[in-house]
Amino acid sequence: MKVSLWLTLLGVNLSLALAVGTDFPASCQAFSPDTRAANAHREFTEYVPAGTNLSLPYNDATCARPNQVVTVDLCRVALYVETSNRSSVTTEIWLPRNWTGRFLGTGNGGIDGCIKYEDLAYGAANGFAVVGSNNGHNGTTAASFYQNSDVLADFAWRALHLSTVIGKEITQAFYGEPHRKSYYLGCSLGGRQGINSAVEFPDDFDGIIAGSPAVDFNSLVSWRASFFPITGSANSTDFISVSTWKDLIHAEVLTQCDTLDCVNDGIIEDPSLCNFCPEALKCTDDRINNCLSPAQVEIVRKVFSPMYGEDGQLIFPAMQPGSELEAADQLYTGKPFRYSKEWFQYVVYNPSWDPAEFDIHDAKVADDLNPQNIRTWPNDLSNYEKRGGKIITFHGQQDGKITSFNTERFYNHLATAMNMSSSELDNFFRFFRISGMSHCSSGPGAWAFGQGGSPAPAMTPFNGNENILAALVAWVEHGVAPETITGTKYVDDNPELGISIRRSHCRFVIQLNHGRHELCY
């Protein structure tokens with residue numbers, strides 16, 4: 001549906017704007033935007049005071065978000081919007097007392113339909129009116145996609161766009177004035193959502209943070225599906241155990257590549273420089289323990305190789321060395337990766353599809369299908385650039401769910417397709433490689449830099465040097481583009497225990513030089 005029609009259906013009456021500054025709790029409780037139209041329903045409005053540990057009893061258990069601590073006074077508005085006669089979106093708008101005039105949209109993850117309440121709390125704590133949705137379905141399964149293109153449309157693009165449009169109107173109705181600037185924050189699937197928004201709805205956001213973006217989505221699904229046939233099941237003869245990946249293989253990766261950056265710290269600054277040779281672990285007459293059979297060496301080689309299609313074209317780049325600690329638990333378990341399994345069963349084929357039979361022809365079928373144009377591999381972001389939009393993307397260099405090489409590939413693809421040099425592309429699109437970070441967060445490196453609502457990033461001071469969201473605000477509102485992002489590693493990832501390390505992360509294609517006092521060059 002067209003946006004104008006959605007606004008009519010929502011029935012927001014801007015004349016009902018409240019004087020929220022006088023008595024915020026009462027203003028919130030009295031706030032009742034008109035949602036009487038059949039397909040937009042206000043589920044509730046509630047005042048949530050600072051310090052509340054908000055219980056979320058109706059949140060699907062698979063989302064693993066039973067509660068959320070709220071650190072500022074806010075007004076919580078929940079809406080249920082029918083997007084067709086067989087699909088709907090649940091949306092929440094959090095309106096803080098300390099509103100700065102900024103609006104923030106948030107994304108989702110995996111194939112799920114889970115509101116990221118931690119990101120709503122993070123945005124509200126920093127003065128944003130913030131919106132999030134269930135992306136058109138509840139929980140972490142893809143089952144609701146089966147033979148339902150409307151639910152897929154919500155998942156691929158509609159839920160975020162619709163929630164953003166509605167969220168902005170609710171914001172104006174509540175505060176009595178429109179937002180000044182609009183931002184987006186998402187990682188993984190949420191990163192893909194951000195890039196897609198820049199392409200399809202360039203006016204939705206003035207600035208976008210697209211972390212570890214799941215771009216070239218269909219090929220990503222196939223790449224993840226490929227690992228089960230490569231590794232075999234856990235009871236197969238040459239299966240490499242999770243502990244072997246984490247201990248033996250990861251240790252050898254570090255032996256070969258850790259000091260390429262001149263520092264022996266368990267972190268590979270630039271995995272693209274690591275040409276890992278698994279043959280170093282091959283069993284010999286003199287080495288019969290803590291080694292790999294020839295078949296296992298070949299498995300490791302395949303894991304660290306790009307995926308090519310039937311005609312020899314690249315489907316997806318290789319997994320980067322150094323990712324073993326996370327990837328072993330996600331992709332090398334001897335079981336199908338669930339997101340890929342369910343995507344093929346409920347979107348590409350049918351529930352009887354056997355993930356053990358995956359081959360490169362399935363990758364072609366999936367990409368040819370490209371439901372709701374979910375691929376997200378644009379050749380052109382000029383419409384977003386021309387309206388003054390700014391994009392920051394980042395990717396952990398130890399990501400064990402989406403290889404960081406894909407974001408580097410995407411950056412280079414955009415530069416080539418748009419006929420831009422790196423300096424020209426960097427005028428509106430900047431990419432930061434985060435050494436020592438796993439998928440979106442965690443890892444041995446300095447991985448906390450304000451990228452979302454988990455405790456460590458949420459504790460990051462809101463300034464452009466240390467906080468990526470603040471850096472985006474500075475770029476959009478003051479024209480100050482980020483050259484580096486300073487990340488923090490807390491002791492045991494607990495901010496209350498103090499800082500372990502801090503490190504600057506450079507914008508691509510610039511690298512960090514440890515030998516020059518950690519200067520980007």
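Cβ coordinates are placed from backbone N, Cα and C, and glycine is handled just like the others.
Under the DSSP three-state reduction, Ser188 (active site, acyl-ester intermediate) is assigned to coil, being neither helix nor strand. For Ser188, the entry in Swiss-Prot reads active site, acyl-ester intermediate.
Mapped onto three states, the DSSP output places Asp399 (active site, charge relay system) in coil. For Asp399 (among others), the entry in Swiss-Prot reads active site, charge relay system, with the evidence type similarity to another entry.
The active site, charge relay system annotation in Swiss-Prot covers His439 (among others) and rests on similarity to another entry. According to DSSP, His439 (active site, charge relay system) sits in a coil region rather than a helix or strand.
Under the heading Ca(2+) binding site, Swiss-Prot lists Asp258, Asp261, Val263, Asp265, Ile267. In sequence order, Asp258, Asp261, Gly322, Gln398, Ser435, Gly436, Pro444, Gly445 make up the list of same-chain residues 6 or more apart from Ile267 (Ca(2+) binding site) whose Cβ falls under 8 Å from its Cβ.
Under the three-state DSSP scheme, Cys75 (disulfide bond) falls in the strand class. Its Cβ taken as reference, Cys75 (disulfide bond) is surrounded by 26 other Cβ atoms within 10 Å in the chains shown. Positions annotated as disulfide bond by Swiss-Prot, on the basis of similarity to another entry: Cys28-Cys75 (among others).
Under the three-state DSSP scheme, Cys63 (disulfide bond) falls in the helix class. Residues or ranges marked as disulfide bond by Swiss-Prot: Cys63-Cys114 (among others).
Its Cβ taken as reference, Cys440 (disulfide bond) is surrounded by 26 other Cβ atoms within 10 Å in the chains shown. What Swiss-Prot lists as disulfide bond is Cys187-Cys440 (among others), and the listing cites similarity to another entry.
Following the DSSP three-state reduction, the secondary structure of Cys274 (disulfide bond) is coil. Counting every protein chain shown, 19 other Cβ atoms lie within 10 Å of the Cβ of Cys274 (disulfide bond). The disulfide bond feature in Swiss-Prot is assigned to Cys257-Cys274 (among others); the stated evidence is similarity to another entry.
DSSP assigns Cys283 (disulfide bond) to coil, not to a helix or a strand. Look at Swiss-Prot and you will find Cys283-Cys291 (among others) tagged as disulfide bond, backed by similarity to another entry.
Around the Cβ of Cys506 (disulfide bond), 21 further Cβ atoms fall within 10 Å across all displayed protein chains. Per Swiss-Prot, disulfide bond is recorded for Cys506-Cys520 (among others).
The N-linked glycosylation site annotation in Swiss-Prot covers Asn13 (among others) and rests on sequence analysis.
DSSP assigns Asn53 (N-linked glycosylation site) to a strand. Close to Asn53 (N-linked glycosylation site) in the fold, though at least 6 residues off in sequence, lie Asn67, Gln68, Val69, Val70, each with a CB less than 8 Å from its CB. Marked as N-linked glycosylation site by Swiss-Prot: Asn53 (among others).
Residues or ranges marked as N-linked glycosylation site in Swiss-Prot: Asn85 (among others). Under DSSP, Asn85 (N-linked glycosylation site) is assigned to coil, being neither helix nor strand in the three-state scheme.
For Asn98 (among others), the entry in Swiss-Prot reads N-linked glycosylation site, with the evidence type sequence analysis. DSSP assigns Asn98 (N-linked glycosylation site) to coil in the three-state reduction, outside any helix or strand. Remark: Asn98 (N-linked glycosylation site) has Val72, Asp73, Gly127 as non-local neighbours, by Cβ distance under 8 Å and separation of at least 6 in sequence.
Residues or ranges marked as N-linked glycosylation site by Swiss-Prot on the basis of sequence analysis: Asn138 (among others). Taking a C-beta cut-off of under 8 angstroms and a sequence separation of 6 or more, Asn138 (N-linked glycosylation site) has the following same-chain neighbours: Asp60, Cys63, Thr90, Gly113, Cys114, Ser144.
The N-linked glycosylation site feature in Swiss-Prot is assigned to Asn235 (among others); the stated evidence is sequence analysis. Under the three-state DSSP scheme, Asn235 (N-linked glycosylation site) falls in the coil class. Its Cβ taken as reference, Asn235 (N-linked glycosylation site) is surrounded by 7 other Cβ atoms within 10 Å in the chains shown.
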* In terms of DSSP three-state secondary structure, what is the assignment for Cys28 (disulfide bond)? -> helix
* Rounded to the nearest angstrom, how far is the Cα of Cys506 (disulfide bond) from the Cα of Asn419 (N-linked glycosylation site)? -> 23
* Structure fact -> Between the C-alpha atoms of Ser188 (active site, acyl-ester intermediate) and Cys291 (disulfide bond), the distance in angstrom, to the nearest integer, is 34
* Compute the C-alpha separation of Cys257 (disulfide bond) from Val263 (Ca(2+) binding site), stating it in Å without decimals. => 10
* Mind giving me a neighbour count for Cys187 (disulfide bond)? Other Cβ atoms within 10 Å of its Cβ, every protein chain shown. => 31
* **Cβ-Cβ distance under 8 Å to Asp265 (Ca(2+) binding site), same chain, at least six residues away** => Asp258
* To do: Give the helix, strand or coil assignment DSSP yields for Cys291 (disulfide bond).
  => coil
* To do: Please work out which residue of Asp258, Asp261, Asp399 has the most C-beta neighbours within 10 angstroms of its C-beta, and give that one of the recorded positions.
  => Asp399
